[in-house]
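Here is what TrEMBL says about this protein:
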{"type": "COMPBIAS", "residues": "868-878", "note": "compositional bias 'Basic residues'"}
{"type": "COMPBIAS", "residues": "1072-1092", "note": "compositional bias 'Basic and acidic residues'"}
{"type": "COMPBIAS", "residues": "1147-1157", "note": "compositional bias 'Basic and acidic residues'"}
{"type": "DOMAIN", "residues": "34-122", "note": "domain 'Ig-like'"}
{"type": "DOMAIN", "residues": "133-223", "note": "domain 'Ig-like'"}
{"type": "DOMAIN", "residues": "256-344", "note": "domain 'Ig-like'"}
{"type": "DOMAIN", "residues": "349-436", "note": "domain 'Ig-like'"}
{"type": "DOMAIN", "residues": "442-529", "note": "domain 'Ig-like'"}
{"type": "DOMAIN", "residues": "533-620", "note": "domain 'Ig-like'"}
{"type": "DOMAIN", "residues": "627-722", "note": "domain 'Fibronectin type-III'"}
{"type": "DOMAIN", "residues": "724-821", "note": "domain 'Fibronectin type-III'"}
{"type": "DOMAIN", "residues": "826-928", "note": "domain 'Fibronectin type-III'"}
{"type": "DOMAIN", "residues": "932-1028", "note": "domain 'Fibronectin type-III'"}
{"type": "REGION", "residues": "712-735", "note": "region 'Disordered'"}
{"type": "REGION", "residues": "867-887", "note": "region 'Disordered'"}
{"type": "REGION", "residues": "1072-1170", "note": "region 'Disordered'"}
{"type": "SIGNAL", "residues": "1-23", "note": "signal peptide"}
{"type": "TRANSMEM", "residues": "1042-1063", "note": "transmembrane segment"}
């Protein structure tokens, strides 16, 4: 072995260099020594019924050849025709289908793969045949055990390869039930901590299953009979004159004792990475409970599990930290016991740094390291091409320093495969690593133009796998080759990959990796696209829903628009049930007709090809509580019982209360009544009951959803009869006649009766007049009438309940009065004070108490209007009544009519009715202001005068003294002019106003007067006319039949004239009308007679008016001194009521604009139409 170099920095450099180079993979088209790619496990157990296949696959350039050793000697496969090697492979196939025994091929095999650059070897593979021997025949005697004793049923299966799996079953191939009391130990035996009579059976069968051959062997059945000595002695004593045949005492309760392990302290060794199993099985009565602790440490919760009802502690993937002392405790009420197990952990060799292939260029340096750990510490042995390195040819470029091979100034042709073997007492490790001497320019092995897609803020890893010897250096560029990537934003890995820690949209683009060594250069382009992350914006929400309702979970998400999303829903981290009730839409999950099984956690997952986001929500299905069950009555008393029950399922909604109902089968069968309520946390109630009831009880549970269905009724519980506990309520005494007293009460319910024969003892006596009570007993009634009583005197009244078992408690007396009679006297000294024409005040003297003959309830004043003081209105009015309280001796009579005669009488009244009336009194009301006149109208209209008529008021309310008449003008803007007022005598019913402006609107007012003043006002409006020919004040001729016919004839005539004019004009000649107009020298319009409503002849000149028009040739109408014009010249206007008052006016170019007025007239309307 060569000395370790003293140059520390050089050794460090070699170490780093070797680490870098070791990561290289040699392309298969380049020369390279063999590498084992697949081999059979070190310990290979084969099925004797199948061919034996021992795998050995390798790669290399040139492709390697294979050879085998068996038990350290060369294995010549050509000598055994049953052994074949697969073409191009080192895998051996041993054909045993011809009946050959696989035992003949057991041994230790090792494969070697050779080519001109070196030799790689496989592990030593131990071939063993699986064995499943039969159970040895044995006779098993029946086992008789005493109740309470411990018992062990031994299995003792035959040794197999690998060991069999043990289980206990009966003759029907059903697994025997196990518990804390009965369980199977790790060795397969069945342990009973104490036997019970139910353990008696004749088919305890132990089965062994051999996994490789998939065969099952069974032991002979074991019969176990458990004797109960107490029962047996008692039975035999009856036949043997009380003699105790079995003198042994039955097994008594006892403290625990360990059956396994049998000693107080035990030890266990386990290898690192394997499974540690420890068990403690205890005998005891009652059955002990087993628990585990680790002294000075904790049992690893993530890798440890407690099996077999806590009797077995299993720790997976054991590490050195699991070594130490473990204690198991067995405890029952009679004591406890513990056992200590000391665990040591050893380790077969395991890799710290396995050797890796090394590619070197000529003259380069490198190292191969082989570091392994174990307990005890493994030894390291080097081989080259399958031979111990010390026996191999010397290589000056190679130096061995314990677990490291150092190469320097390597030369072409020194390629080889090196094996490192690390071994200790518990196993070995063997690894191949080649040294390949190559001189190759760089080549990029990563495919070109790969597009990498990554989510924003996530790391991006761009690969650049290269090969070259010497090892190429790699540089990265983005978008262009102008500048090399560098800085903290990038991480450059030894294998050439470029990592971006936090990808941003600005990182998107084209990336180029360039590989260089002294033999050449190579480059590759890849692309990076940074996408927006997928995010759930509106996660599903927690839902509480009643059964059979629908529920909807919404899940709205956003994603990068260039990625295709997929929404997936899970229930409890599994696929949704295959049920049509589950409907998935784009962003929601709908579950219809929800059932209890639908409750759980629902998760929506939004997936894209790059990322996903998820959110979950809980669904709680609630419904009414389940029906309470197991109603039980305990602790019966004379008037109480204890009721207990078992609640039903809450169905995810806590029970708030229980409602207890009862049925009385004796008095009201089939009807359930509420008795009491108890909180939902209780399942018992102390019920207070009434005597003489046949009770049945039921319970209902209430939660937030509603009441459950009632439970099944309890058994019937009958209470004994007793005297009543209470008397009737609402006892009253009153009279219905002047000489009786009616006593009433609210009867007791059957539940209150407390027994049969319910009656009522009715008692009464006159207050302060009688000492003794008069009584009578009645049944099935709720009133009693006492006759012959004085009128309206106080009585003391009592009603007491009694039944066949005695009277109820002493009742309390109430005060009642006998019947009332009509009052016997009328109020006196009636006086009336008239306050005004509509209000009077009446006074009276109260009646005496003796005359009331009852309870005075008040006074009634009856009054009516007899007649009016005016001779024209003498009809009577309806009688009216005012009621006043008994403490009143006066009152107001409102809403009287003025100038009238009223009659009045006063009575007193009580509960029976009214007494006699007072002497009728008469009074008169003074005059008042009169009502509105009965009518008001315009009866005649002229150019400068208007005649108005009116009628006297229907309600004169006195002697009319006259009328007040007012009027004023109203212009087109509804502004009012100066108000004129006239006083007219009362006997006048019409009035004519003269010297009015023509074609002017006037507003008129009229009101009647008495000595008390004027009454309400009536109004009317009218317009004076422009021409007497248009006067028709009272008839609307537009609605007259003759007028409609005339207008139709005129329209027809005009139509004919128009047709003739049209024909004449087309011929170019003159027509008669035109000739006549030419003959007229005077352009003035001929006036129209009032009785001749004909029109002038037609003119074809637009500026000339029609003959017969009221408009002169100048187009103006003089106002006759009136300033208030209602119609502007040439315009069409309407009255306030919409009537047509305008006219048509033709104008010449020289016409000036003037105001004109005309009263509304159908003639004007027709002029406008024509």
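Cβ coordinates are placed from backbone N, Cα and C, and glycine is handled just like the others.
Because the structure is a prediction, the values reported are computed rather than measured.
Per DSSP, the domain 'Fibronectin type-III' (932-1028) is made up of 1 helix, 54 strand, 42 coil. Contact check: the domain 'Ig-like' (34-122) against the domain 'Fibronectin type-III' (932-1028) gives fewer than three Cβ pairs closer than 8 Å, residues 6 or more apart, which falls short of the contact criterion. Looking only at the domain 'Ig-like' (533-620), the predicted model's pLDDT averages out at 94. Residue counts for the domain 'Fibronectin type-III' (627-722) under DSSP, split into helix (H, G, I), strand (E, B) and coil, are 0 helix, 50 strand, 46 coil.
Per DSSP, the secondary structure of the domain 'Ig-like' (349-436) breaks down as 3 helix, 52 strand, 33 coil. DSSP labels the residues of the region 'Disordered' (867-887) in these numbers: 0 helix, 7 strand, 14 coil.
Each residue in the domain 'Ig-like' (34-122) gets a DSSP state, and the totals come to 7 helix, 46 strand, 36 coil. Note: the domain 'Ig-like' (256-344) comprises 3 helix, 54 strand, 32 coil (DSSP; helix = H, G, I, strand = E, B). Under DSSP, the residues of the domain 'Ig-like' (533-620) split into helix, strand and coil as follows: 3 helix, 47 strand, 38 coil.
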